[in-house]
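Q: After the structure tokens below, expect a handful of questions from me.
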Amino acid sequence: MVSLEKNDRVMLARQLPLKSVALILAGGRGTRLKDLTNKRAKPAVHFGGKFRIIDFALSNCLNSGIRRIGVITQYQSHTLVQHIQRGWSLFSEEMNEFVDLLPAQQRMKGENWYRGTADAVTQNLDIIRRYKAEYVVILAGDHIYKQDYSRMLIDHVEKGARCTVACMPVPIKEATAFGVMAVDESDKIIDFVEKPANPPAMPGDASKSLASMGIYVFDADYLYELLAADDKDDASSHDFGKDIIPKITREGMAYAHPFPLSCVQSDPQAEPYWRDVGTLEAYWKANLDLASVTPELDMYDQNWPIRTHMESLPPAKFVQDRSGSHGMTLNSLVSGGCIISGSVVVQSVLFPRVRINSFCNIDSAVLLPEVWVGRSCRLRRCVIDRACIIPEGMVIGENAEEDARRFYRSEEGIVLVTREMLRKLQVKQER
């Protein structure tokens, strides 16, 4: 382990990102989000009133000084590719800056699609090698968080690691969805189990497990060796969490990086923010958290901005209808191009170009772009997918049995409405 002086750290914070390439794994379907990902990959799902989920990983790279980025795509990639082409074309080719889109190459052993997360990188190795990076930062494209990857790179170098895994404590009942690790006093990973049925608890805290965040830093040459060996292993599932990280752990070459060391937050006393919005309830809740008085995730931090594709839209408008009812909102996010006419919106998130007509009550709802809500509707605890037209007088979120019959209702009572569901409902009513 190398002990670095403050001046050395400042220098490395500038140099290491320039020697690195980031690979964002963005091919996941996100089946737990149900119909919300039927026509888009999970990283392309809308979030926070104006963003896409992948904007967080991309913005973290940009803010950390990593300007060479590969985005590995697969499932329903058109929306994702279009978003990146329109919103992330700010890099300078003359300065060797880029965002490369890397689809499934469909050339390894006759496979059409990626066999696992590690295979997604393996299939693109010939392209990745051309980047001539010393370090490879591998990221999930479907998490909400702010992280300075340069700090993680410094930790990687300081510990003399060949592989570094970002980690944070999670409630033990949720740890079955993550890779869970045990570490020694030097943060060396001494045990790693992917999605265990009975997650081991952290020493001194039986209520939590130490979970992998799916964020890795590798020495580039070491990663290439690992992937070449894994590709030849017919018994492997070709996955970082299931195969690569356990192998490195057995070899004693993997170290943990505690997320608080690199988490970017305005309030240093706050809990580090990282969300895997993989379920409908988690997605709904993370969106509504941003509309609270003091959100856990600060989206107004000018020192760490989250970028996205910006459309030229007029400001949101709140108008009085002909009967004299005022358009009002409280504790909500309302994006450009929205019009609220004679209705009340409370604790909700409205994406661009949402139109709410008179006499509506919108409470704890997430309305994606171009949603049109007819007069006298009541929407509560729901997510309305893009371009849905909610008929006049429709009530959602008040009758569990009716919601489950017409739409998708989660066990927690969150209702998802899509255009296809509304179309089927209309056909049924016309019979």
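Cβ coordinates are placed from backbone N, Cα and C, and glycine is handled just like the others.
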Q: Based on Swiss-Prot, name the residue from LYS19, LYS39 that is recorded for the same beta-D-fructose 1,6-bisphosphate site as ARG419, GLU420, MET421, LEU422, ARG423, GLN429, GLU430, ARG431.
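A: My reading of Swiss-Prot gives LYS39 as the candidate in that site.
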Q: What is the total of other Cβ atoms whose distance to the Cβ of GLU420 (beta-D-fructose 1,6-bisphosphate binding site) is within 10 Å?
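A: Within a 10 Å radius of the Cβ of GLU420 (beta-D-fructose 1,6-bisphosphate binding site) lie 13 other Cβ atoms.
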Q: Looking at the binding-site residues listed here (ARG40, ARG130, GLU194), whose Cα lies nearest to that of ARG431 (beta-D-fructose 1,6-bisphosphate binding site)?
A: ARG40
Q: Through the lens of DSSP with three states only, how would you label HIS46 (AMP binding site)?
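A: For HIS46 (AMP binding site) - judged by DSSP and reduced to three states - the answer is strand.
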Q: Please tell me which one of the binding-site residues listed here (LYS195, SER212, LEU422, GLN429) sits closest to ARG130 (AMP binding site), measuring Cα to Cα?
A: SER212
